[in-house]
Amino acid sequence: MKVHYINILLFALPLYILDHKQRNHNSTTYHASKTKSIKTHRSLCECELYAPSDYDNDAEMIRVMQQFHDRTTQRFQEYDERLQENRQIYKDTCDKEIQKIILKDKIEKELTEKFSALHTDIQSDGIPTCICEKSLADKVEKVCLRCGSILGAAMPEVGSIGGGLLYALNAWKTDAIAAATKAAMIEGAAQGAVAGEAAGRNAIIGALKRYFHIDNLNGTSLKSFFNSTSYSDVTTIASAIDTQMTASCDAFSGKIVNQAFCDVRKTLRIVADPGKSFVKQKDAITGAVTQLVEKAKDTASFKATEVSSATSSKIITKQNALIEAGFDSSTTSIYASIIVILIIVLIMVIIYLILRYRRKKKMKKKLQYIKLLEE
């Protein structure tokens, strides 16, 4: 190998001299060009393979080596992390399998002991009571299930009955209010008629006293007279006044008792003034009584309307209050009954669900034991 190295070096030296002479012989003058020089790629020749000192000061080579080192280090780190993660996964899997095996052995041992004890009890006729008799929880569960199913099936009917009752109560309320209003109007009209009659009678009595200056008719007081005679009977009233005026105001007999009453004749033009015509006494009295009766009727009508309205309003208010109280008490009773039924159903359903959950939990545990035993 040393001989080859020496031959290579000796051969390279004449080549270098020839190349240097050739460049000096063909020397030319170069002008700087404005174009950007193209960077040439470096290549290693055979003589530079054994000269590492030439690359220690090369910045580009240092950068390449550093980049290679960084990438290599990163790859090793990633590989190490994956390796550690896989090791942890395998370790956890192995631990779980070991725990399962230990648990399975433990359960098999416990089941073997329990079944051996149970086999001994069966041989000694010591069967537990839970096999022959149902527990209290099972009985309560079945009772709650039966009651809950019955009440649950009856709830739509209860709802429909409650709705029907409420609808009937609303209809009854409307009819009751209408009937009460009608009765109140009738009662008010009756009381108004009585009050109007009394007001008309008082009005005609006062009018006769003011107009004719009389306190009685044919020896009867006006109050007693109108107790048996309607205040609107113009014919009867006019006839009584005419009879009394004829008897009391006879100038020839000299029996004038009530001068004011007799002076009304002049007002009614029964006694004619000189140069004027006269009117028949009965016609004049009838016309005056007719006017007084019309005024009395107006008074009676106003009083009757007032009393009828007040009485009807009072009766309607009272009856409506009674109807509302009865309706509210009925609806309250219906609502209370429905709420109580709902609460009872809800409590039974809750008890049933709790007992059912406990029973499922026990059955699930038994199935797990059986499954483990079969495995």
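The backbone N, Cα and C atoms fix where each Cβ goes, and this holds for glycine too.
Look at TrEMBL and you will find 1-19 tagged as signal peptide.
Per TrEMBL, disulfide bond is recorded for Cys249-Cys262.
Positions annotated as transmembrane segment by TrEMBL: 334-355.
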Fill in the blank from the handout: Min neighbour Cβ count (10 Å) across disulfide-bonded residues Cys249, Cys262 flags Cys262
Completion exercise
Under a three-state DSSP reduction, the secondary structure at Cys262 (disulfide bond) is helix
